[in-house]
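According to Swiss-Prot, the protein carries these features:
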{"type": "REGION", "residues": "1-38", "note": "region 'Disordered'"}
{"type": "COMPBIAS", "residues": "19-28", "note": "compositional bias 'Polar residues'"}
{"type": "DOMAIN", "residues": "116-378", "note": "domain 'ABC transporter 1'"}
{"type": "TRANSMEM", "residues": "487-507", "note": "transmembrane segment"}
{"type": "TRANSMEM", "residues": "524-544", "note": "transmembrane segment"}
{"type": "TRANSMEM", "residues": "598-618", "note": "transmembrane segment"}
{"type": "TRANSMEM", "residues": "631-651", "note": "transmembrane segment"}
{"type": "TRANSMEM", "residues": "738-758", "note": "transmembrane segment"}
{"type": "DOMAIN", "residues": "813-1055", "note": "domain 'ABC transporter 2'"}
{"type": "TRANSMEM", "residues": "1149-1169", "note": "transmembrane segment"}
{"type": "TRANSMEM", "residues": "1181-1201", "note": "transmembrane segment"}
{"type": "TRANSMEM", "residues": "1224-1244", "note": "transmembrane segment"}
{"type": "TRANSMEM", "residues": "1264-1284", "note": "transmembrane segment"}
{"type": "TRANSMEM", "residues": "1287-1307", "note": "transmembrane segment"}
{"type": "TRANSMEM", "residues": "1322-1344", "note": "transmembrane segment"}
{"type": "TRANSMEM", "residues": "1415-1435", "note": "transmembrane segment"}
């Protein structure tokens, strides 16, 4: 398109977008600078002063024009880039078809895969090509200042094309034959050196929720601010100016100091959040990307999704203005484009199953395909016509051209490559390559510009504008802002650590400074260092929460990932220092540790360094993994290794040689030895127990009964004690600290390096996953033989015929005076205000309005699905009040497609039909009806496909069809609600769904649907319109009329401008009431105009008639008035079957669970390999049980996210639809875990029991230990459900579970015998369920085993002269618990303090006689968990829901 044609094409749109300008016309805007130097200086000064609150708004287009002229035309011209691509071919990893994995297939894979490969080799078969071609040889040129419209159906390769243009190739493979250049700059050079000039704007939003909108945008502006700022203003002035212009432009000025927020952090509203990105403002999807990131090339992937028509047009017009003024070029993928939006673009590319079938001027696209032989239906917009060409079920050949037109993607591609238009494109490409050769001249120009824009110390080869120190400073500021904005989280963490420290300190309160406190001192130090270090596990969650943000900013060339990592470390240091000091002071002084200043500060120093080292280790683990599940699994391995090989639970001299080396790689080993040596060195502890008793003077013929004692001494040296107990030495203290610091430095360097080196998350590429045995053979051949993606049956017969079994409906749903208020800070906010209307049989009603008008809110209110707030007004079905069956008798297709990801489409539909259709209908009839729905929706080819998660399973279109199918399968008796059923779909799918809704309405089904961007043809499918303005107030309710004349005449009669014959009525209506990015002001009060209209009075009259004349539309059948269609037992059967199936089909969850349990068992078993019968051996056995308990936390944290995801599905979709009872839900969630937990208990028992206890015990003992182990795992699952049943999030549930588990673990008698507990804490030993678990197993396994002291444990002393050992100790041995090894010896008497394991257990209040009692008590705890989970779920999740419904009903 010629430049003058582009200006001409844009004149109307740009005038509309610039209509608010008072002093500068659009002609002035496009033709040059503002009319006078004074005007230019005025705007420049206003821009400089923009950081002052209360300054007037600055028009963004004039501001951009002025700043462009101030920057200099040379700079702008040099930065402008074109996109040239030739033979662009892109491959993806893996095939388009996969078979669903199950637990069995995952277990057999190590055997099945080698066998399969061997058979392939023997059979001389070609190995499967594990990649698929997504794009096939694309060609084209996009010049600077141009806009490219990317058209194609979902799955055609639009996203891949956009990513390829901007170098976002993670998970993709660019074929070597491909050539991409940017006005003489090669692809690789552009990506490496000028990455900030290429921006791919994906659909998902990622922000730091605790940053304000202003802070978020200022960071982006700082990162890309040129060193030579406009007009020589300071960097801060430039940033403030740009941010103010952007926020003024898109109506976000009022959110400057408001947190961005997310689903869990309060912040701006969903619509406003959609408009905010770390580099730009999206949602209105405006020019802010160019203003803030200053990109030359931008690709926008379906960025208009979810926006109303007026806002979508405003967004593209702003891109048009940017391209005109700054010379940028934009490629925009749009699935639903109106004619006005289509005409804004310069060029169009059309994709058909990964093949380019047209690239060229926008004006010639339609004519090209008409010349080819395709017929354009009347009133079909250009973009819809082009997209329809790629749909065999929609395109129509011209008469006589049926056999001449191409049909397959390959034929279309061949036709295109042999066309004159393609020849012209090839000529242009040859001329372009001659004009702009790939030499270094353009690169030199860019380097010169970048050198001017870069800071002084930035590398010229770096794509970043800021130097590394400047990036670090910028990231430090942002990290501090995030920390300051999230004070509650800091307080919560500090309080949690304080509470844990208080518990540990009080558990060992005032340890005596004699030998009775020796073991207690070591124990409290072990717990202190371990808990402080393990708190750092939260670093994994923190890193994953910001990972996508950091990756995106690196892609936009804002900051290096490692600079963000360095900033985090620096900002975290004072926080960690404060927490360490707080924890140390509490534990140190409560436990009465060594009260000397030097030793206290050495303790602090070790603890702080250990915490920072462990935090860095966990961050490194998070960096090298791709999912948080992988990171947590690795962290679990690290934790168990650290806990076992610290040197406390297994002393160095007892460590097995095969695992003993781990201690040298364990930072906590060096920390523990350092603080233990620091505590005990140079101290003498008075002995409190002697052998024999000191009843008289005995010279040197006695010894203290503690390790490290010397015959004749009345004290024990601290150095001797730690040497004898742990093989520690004070000489290692500073060596250990040096090693600890070395660990810290090493992991810092490794973490920073890996953060920069390792790519982050791999983007998901939608592939179909079929149930084993459910995939059609022709699909297998099509995919595996050709390596191409599967193309599913077109949705072509949605409106062809509605199933005959659908009875004609006679129900009318009406509402009058509906208002909805929600509580906000300082009062209430009204979201809906006096909304009235009806939906009658045979009518299709559209619900429209500007973004944020309350369309989804009204839909939820009408469906009685609001969870907060107060609804007032009346709702009736056939003049009757709504009863308990209303929710079940309607179909509600939500905007979010929520499904069980492991089910197939057929299974999901059958589940809905089985539980929501009446009991009187046989199961065979229900399943036959499901097959009708599958045929109706065109899903026969993939009915056995697994739903999967977004990006890994069904695509967006298929999910939307499934959501509709689930509601249809239920045979709703009253009406169907559809919330944004066409959102994210292409025009063909949108048309098919609307045509299907039309057919349902024609058969008597009342239908109410919200729509955002309807084309004129699609809009005509609706009979009636409810039009809302901001604030949830009615603008119009009534008939639409043919070609929308009824509603248009109403608006024009009230003062709106005339709607042109080529305008889209939906866009026109939104414009005249003040829609768009900034909500253009209007002089007409449309709400009051509606209240004064005759149409409003007719509405009220009709509502009165409907309310006063109840019809007999609702049956008296008990099914119609009951809350659920099926009895509880039937509900339980179907839900339990689905849940068991879901677990079996998620091997990653089951195998992770079993992997953790079995690894823990094997590792502990081999670490405590066949402990001997010494006192230390028995203590090792007890510690092995203590450490085995630590798997509890891993299991609980695995179960809770699973429970919450199922609860979300139930509470958002299945409970409101009254699919099944909450009793069935909670019971099935508890029971479905039990088979796997039982099997896990058996596997874990087998992996550790024989390693630790040997195989010589009786089968009765082995069986009882097995029962206790199975009990433990059942307790873990029921405990997880008890905790998570009532909490709103996994984070809170994890904190509660971890804290409760810590209490149970600390007070089970292992670390501190009950007799040594402070009086206050004795009850906790009895309350802790782990007391009975540890007591039961240890008593069963150790009862009756004799003790044979090792040489370290024997107490050695000489008898008096003239006596042997037996004579000397004869009286003492009558009452003593121990044994004398050498009674006849006259020197070196060897006394073992204990003779049998039961004596050791008795000190911990463990008895053989209590084993079955403990077994029974443990079951009581399990039963308590089950009852508690049911009760808590009812009290916190069900009862409030019931009360809300009752409240709404009473107010109605």
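A Cβ is built for glycine as well, from the same backbone N, Cα and C atoms used for every other residue.
Touching of the transmembrane segment (1181-1201) and the transmembrane segment (1415-1435) is ruled out by the presence of fewer than three CB pairs under 8 A, sequence neighbours closer than 6 excluded. In summary, the transmembrane segment (1149-1169) does not lie against the transmembrane segment (738-758): fewer than three C-beta pairs, each 6 or more positions apart in sequence, are under 8 Å. Contact check: the transmembrane segment (487-507) against the transmembrane segment (1287-1307) gives at least three Cβ pairs closer than 8 Å, residues 6 or more apart, which meets the contact criterion. The stretch from 598-618, 738-758, 1224-1244, 1287-1307 with the most CB pairs below 8 A to the transmembrane segment (524-544) is 598-618. In this chain, the transmembrane segment (1224-1244) lies apart from the transmembrane segment (598-618): fewer than three C-beta pairs between them fall below 8 angstroms, excluding pairs fewer than 6 positions apart. For the transmembrane segment (1287-1307), the list of distant contacts is 264, 496, 499-500, 503-504, 507, 527, 531, 541, 1186, 1189-1190, 1192-1193, 1196-1197, 1200-1201, 1204, 1279-1280, 1317, 1321, 1324-1325, 1327-1331: same-chain residues at least six beyond its ends, Cβ to Cβ under 8 Å. Taking Cβ pairs closer than 8 Å, the transmembrane segment (738-758) reaches residues 560-562, 564-566, 569, 606, 609-610, 612-613, 616-617, 619-620, 623-624, 667, 670-671, 674 in its own chain, all 6 or more past its ends. Long-range contacts of the transmembrane segment (1415-1435) within the same chain: residues 1222-1223, 1226-1227, 1230, 1264, 1267-1268, 1271-1272, 1274-1275, 1278-1279, 1281-1282, 1285-1286, 1329, 1332-1333, 1336, each at least 6 residues beyond the stretch ends and with a Cβ under 8 Å from a Cβ of the stretch.
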